Amino acid sequence: MEITLFDPIDAHLHVRENALLKAVLRYSSEPFSAAVIMPNLSKPLTDTPTTLEYEEEILNHSSNFKPLMSLYFNDDLTLEELQRAHEKGIRFLKLYPKGMTTNAQNGTSDLLGEKTLEILENAQKLGFILCIHAEQAGFCLDKEFLCHSVLETFALSFPKLKIIIEHLSDWRSIALIEKHANLYATLTLHHISMTLDDLLGGSLNPHCFCKPLIKTKKDQERLLSLALKAHPKISFGSDSAPHFISKKHSTSIPAGIFSAPILLPALCELFEKHNALENLQAFISDNAKKIYALDNLPAKKARLSKKPFIVPTHALCLNEKIAILRGGETLSWNLQEIA
């Protein structure tokens, strides 16, 4: 059995920087046609020149791959900088509530403040797409739910602004997407295939720790259902986020799952298991092209076959290792060719 996926798109990707970027980028740039690149680096991409420099770094270490750059929404963002980013072709604005995830200490402190709303009003006029890490302070399993009032305010106040709930993790958010025409979402492999049991049901597994947290069986099943039917308002976004094993085994564990090396085989396995392989093309590419109005992307064909694939336990970066999701396991699908 074989399947060919055309122009795979990852609508939420972390490729880090410097040596780590060089080590992990190929796992995404080779099989994927394009990816929305996250701006929460150690020095966040809060201005246009820095964002364009990072884009150039990615392009220098990849080929036939389109990085779709995003600007980090922060308290110091000005209307002039927003206009400058627009003029340089940056189409994505990434909003992190302050302190909610990795490198979000520079995030937005007042989500419904006058300045935030003014920036969003202008982002709407300029045609930006707002990608939001939709969590608010509160009990860890309710953080996304607690952000619903903010999402509703944004959706109603800016009806022409496309708003993406990044890495949807709570089944209660599905109703918002159905209710508001301008609300969309991305789904990760880990949120549609894993639950809290994978993180802490046995021994604590730091390599399954991410934000937002993987949640209950009900959440996983409801989100998986959206993916399997390729809901038209949902696109795939891996949120692949590599960290060194030495940091993952420390006393202060960073959030992030490195899934890039297994994405296409694991998705094929999951969709075949549920008799939905015919919908994988829409989930992995077609929906994103429509939602984000993407065209002129590098043409790419990823051919996969139903043959065993033993997942490497780790990737290497200098003298450090990066644990790969499901490392050491055997998947039933294998990436055979990229053209």
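Cβ coordinates come from backbone N, Cα and C, glycine included.
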Quiz item: Looking at Swiss-Prot, which one out of LYS94, LYS98, LYS321 binds Zn(2+) 1 in the same site as HIS12, HIS14, ASP239?
Solution: LYS94
Exercise. According to Swiss-Prot, HIS14, VAL15, ARG16, ASN40, HIS243, ALA255 bind substrate; so which of HIS133, HIS148 is the extra one listed there?
Key: HIS133
Exercise. Among HIS61, HIS167, HIS180, find me the residue Swiss-Prot lists at the same Zn(2+) 2 site as LYS94, HIS133.
Key: HIS167
Practice problem: Name, in the order they occur in the sequence, the residues of the same chain whose CB lies under 8 A from the CB of HIS167 (Zn(2+) 2 binding site) and which sit 6 or more residues away. | Solution: HIS12, HIS133, THR186, LEU187, THR188, HIS191, PRO212, GLY237, ASP239
Quiz item: VAL15, ALA255: which of these binding-site residues has the sparsest Cβ neighbourhood within 10 Å?
Solution: ALA255
Quiz prompt | Under 8 Å by Cβ from HIS243 (substrate binding site), same chain, sequence gap 6 or more | solution = PRO254, GLY256, PHE258, ILE322
Exercise. May I ask which residues of the same chain, at least 6 positions away in sequence, place their Cβ under 8 angstroms from the Cβ of LYS94 (Zn(2+) 1 binding site)?
Key: MET38, PRO39, ASN40, SER70, LEU71, TYR72, PHE73, CYS131, ILE132, HIS133
Quiz item: How many neighbouring Cβ atoms, not counting its own, are there within 10 Å of the Cβ of ARG16 (substrate binding site)?
Solution: 20
Quiz item: Does anything in the same chain, at least 6 positions from HIS14 (Zn(2+) 1 binding site), have a Cβ under 8 Å from its Cβ, and if so what?
Solution: ILE37, MET38, ASN40, ASP239, SER240, ALA241, PRO242, GLY256
Quiz item: Tell me, how many other CB atoms lie within 10 A of the CB of HIS12 (Zn(2+) 1 binding site), whichever protein chain they belong to?
Solution: 25
